[in-house]
Amino acid sequence: MRNSSPPLEVGIARWIEVMRRNLLLASIVALGVFGIAAVVIAKLPNVYRAETRILVNPQRISDKYVSSTVSMGPAERLNTLSQQILSTSRLEAITTELNLYPKERQALGRDRVIDLMRHHITIDLKQSSDGPSAFTISYTGGSAQEVATVTNRLAASFIDWNLRDREQEAQGTTLFLEKELATSKSELDALEERLRVYKVQHLGQLPNELDANLQTLSRLQVQLQANSDAQNRLDQQALLSRSGSYDASGEQGENPQAGLRSQLVARDVQAHRDLAELHSHYTAAHPDVISKEAEVASLDAQLTQTPASVSSRTRRSGSVASPADAQETSIHHSRDHLAAEQRQIESSINNYQSRVNGVPIREQEISQLLRDYDTAKEHYRSLLEKTYTAQMSMELERGQEGGSFTLLDPAQVPDAPIGPNRPVLYSMFLVASLVAGLLVIALRERLDSTVKSDGELHDILPHIPVLGLIPRISKTIVNRSPAQPTLRRAS
């Protein structure tokens, strides 16, 4: 009958028999493993987590009115703040103040404790279409009150450090611009002083005075022409006066030098007239003017060396001067005055002509000065505008009207721990304990070489028939039976 049974049914039946025989051992192993696991799970410390949410506020005043000097965006600022707040010094201060990780601080080093705390802190940034809108800060630990306190402390640090950093950045920008503004103001003042000194040194030669100089030069040339005409008229009067005096006295024949002097006077008058005409067209450095001045000087010297004849009226009247002599003396004085005035006018003409000639050079020099001054002035104006904007931005940050963080949901003391998940752990170790019991049974059967059924015997000795089966005899039945010695001998 056993040979007709399917192999699968035989295997199942054999395993059921094995389980029945080792049920007690499997139960002890499974209960032991599960009991130990249950004790360990029960003693695991609870893990709590507290979370807070912080809103990222944009600038409250429009950029059209006040532009913020804080150029860093919320995401970059949050990253920077995270590096600052999660720094070793900051976290060490929090752990010392709140007495966090007391056992770990004794067993581990400072750096290990700080790394452990960083591992327990989570910062999650919430993005929106316009950029970062909020972020959450969470902290996990073994005490419900502790995690809430640490989370709120971290949130307060983010808010305070954000305001401090924004204000410091705005203040730093303002101080930098004010320093640059002072430097630019000094440079502008120096250029203004250079420009003022240059205008004083070259007064009358500046480009904006060219028209006035030309008008003055034209007026002086007119005066010079009028002076020359006046001198010509005086020379003619002197010549006529001398000629008339000679004719009246009848001394021309007696003194031959009188005719020569008259010719010299006529030539001198004409030379002065020509010189005045040249001065009206050319400067004193012109060759024709120089040549004519030499001719005039020569004629004047000849007139000085040629003595005038003693008039008959002097001989006749002794020391009494004639009217002709008085007129000649008056003409001579007037001509000397006009000659002095001519020299003064010519000097003024030369001066103004020099000013006019120097205008192109002065124009180039003052253009360079004005260009530097205008550049410095524009730079100063730009810095002044930026400084005003930076000062307003600094006041904006001080009044907390710029981009700031607002605490939406303060961290609350958690009602229940987030870990460990004991039901899941119990289920896992229950399955593990059952598996351990089965493994123990399999191991025992593997190591046990005794035959416990006719099927096993048939598997070992398939060609030897089984003549009979002796049922299991327990020790209790053996102890109660009077035939115990006989059975032992029979066995």
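The backbone N, Cα and C atoms fix where each Cβ goes, and this holds for glycine too.
The coiled coil annotation in TrEMBL covers 174-201. Under the heading compositional bias 'Low complexity', TrEMBL lists 308-322. What TrEMBL lists as compositional bias 'Basic and acidic residues' is 330-342. Positions annotated as region 'Disordered' by TrEMBL: 302-342. Among the features that TrEMBL reports, transmembrane segment is placed at 23-42, 424-443.
For the transmembrane segment (424-443), same-chain residues at least 6 beyond its ends with a Cβ under 8 Å from one of its own Cβ atoms are 18-19, 22, 25-27, 29-34, 37-38, 41. Proximity of distant same-chain residues to the compositional bias 'Basic and acidic residues' (330-342), defined by a Cβ-Cβ separation under 8 Å and at least 6 residues beyond the stretch ends, is recorded for 224, 227-228, 230-231, 234-235, 237-238, 241, 276. DSSP states for the compositional bias 'Basic and acidic residues' (330-342), grouped as helix (H, G, I), strand (E, B) and coil, give 13 helix, 0 strand, 0 coil.
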